[in-house]
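Peer 1: Pasting the relevant annotations from TrEMBL:
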type	residues	note
ACT_SITE	Lys196	active site, schiff-base intermediate with substrate
BINDING	Glu234	Mg(2+) binding site
ACT_SITE	Lys249	active site, schiff-base intermediate with substrate
Amino acid sequence: MMTYRPRRNRNSKSIRNLIRENALTSNDLIAPLFVIEGENQSVAIDSMPGQYRLSIDLLVKEVEELWELGVPCVSLFPALDDSKKDKYATESYNDDGLFQRAIRAVKKACPEILVMSDVAMDPYSSDGHDGVVSDDGEILNDETLEILAKMSLSQAKAGSDIIGPSDMMDGRIGYIRDALDEAGFTNTIIMSYTAKYASAFYGPFRDALDSAPKSGDKKTYQMDFANKREAIRETILDEQEGADILMVKPGISYLDIISDMRSNTTLPIAAYNVSGEYAMVKAADEKGWIDGEAVMMEMLTSFKRAGCDMILTYFAKEAATLLRANR
Ligand code: PBG
């Protein structure tokens, strides 16, 4: 006699639903969105089918649709003209800059949705790096912190609910926390890009912002993809420095990191399902080689299984739409 038959618990949809361990809901999703200057502008991003750079008026509409679908948070990124970029990313803390105006407009139209704002120099840097580049090409850590703090403050003033430092400079979480607290922004959340790897999966995002490094790579600040212990080291430091939420980036090739982090912290964990991961699914789906929708749901659920509380994903709208239809 066979005592154990695991297939019993798979025999019908109902029993499968009953024993299901993890479920994705629209509450788990954060939608990354790109903003550009102008009015009524929607510029397709070739390497990210279905994603657009939107002028503020259309961005606001998109956010309202996401909110209506039950998505609780959007993460904004500015695509700036080269003329706005310089060595010290000064445009990043211009209180009337594109990004700050976008944050204000979104919060005004849709006050309850959480706005997360990215903190790093690259969209504003003529060098295309996340930090200040010295004459001999070094990325200067401590000089960068001050700029990141100014940028964070300017975003918080504009109404950002969640500051998202994506730069990987040492000590930036504590530095930004202090700057926010001193200015009275004690309720502004920091979601740290805690374990951000130097990854080839960011290609389409850099196309979207035209933000690829002009020289060198990001390997002296973003992590080596061969490393796992180092992610826990970063977790401990970010906790000590006062991060509220920790993030792992990219996502799909880094589920082991998420799982390890889950057993080493009590803080909420986010994954960033990045541009290259999105592009691969879309490309294979367009060719008819995979069922893109099914792969999307499998990927997003795998983040939950690995221990994530939330997922930044370009699939947010599509997934929320599907979840609503299947309700
Ligand atoms: C920049 C930043 C990047 C992404 C988010 N913030 C790119 C990079 O580090 O070069 C990538 C997101 C994606 O690929 O979807 N600080």
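Count begins at 1; order follows the chain as displayed.
Placement of Cβ uses the backbone N, Cα and C atoms for every residue, glycine included.
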Peer 1: On a count of neighbouring CB atoms within 10 A, which of the active-site residues Lys196, Lys249 is highest?
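Peer 2: In terms of Cβ crowding, the pick is Lys196.
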Peer 1: How big is the gap, in Å, between the Cα of Lys249 (active site, schiff-base intermediate with substrate) and that of Lys196 (active site, schiff-base intermediate with substrate), rounded to a whole number?
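Peer 2: Here the two Cα atoms lie 5 Å apart.
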Peer 1: Looking only at C-alpha atoms, tell me how far Lys196 (active site, schiff-base intermediate with substrate) is from Glu234 (Mg(2+) binding site), rounded to the nearest Å.
Peer 2: 10
Peer 1: Around Glu234 (Mg(2+) binding site), how many other C-beta atoms are within 10 angstroms of its C-beta?
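Peer 2: So the number of other Cβ atoms within 10 Å of Glu234 (Mg(2+) binding site) is 23.
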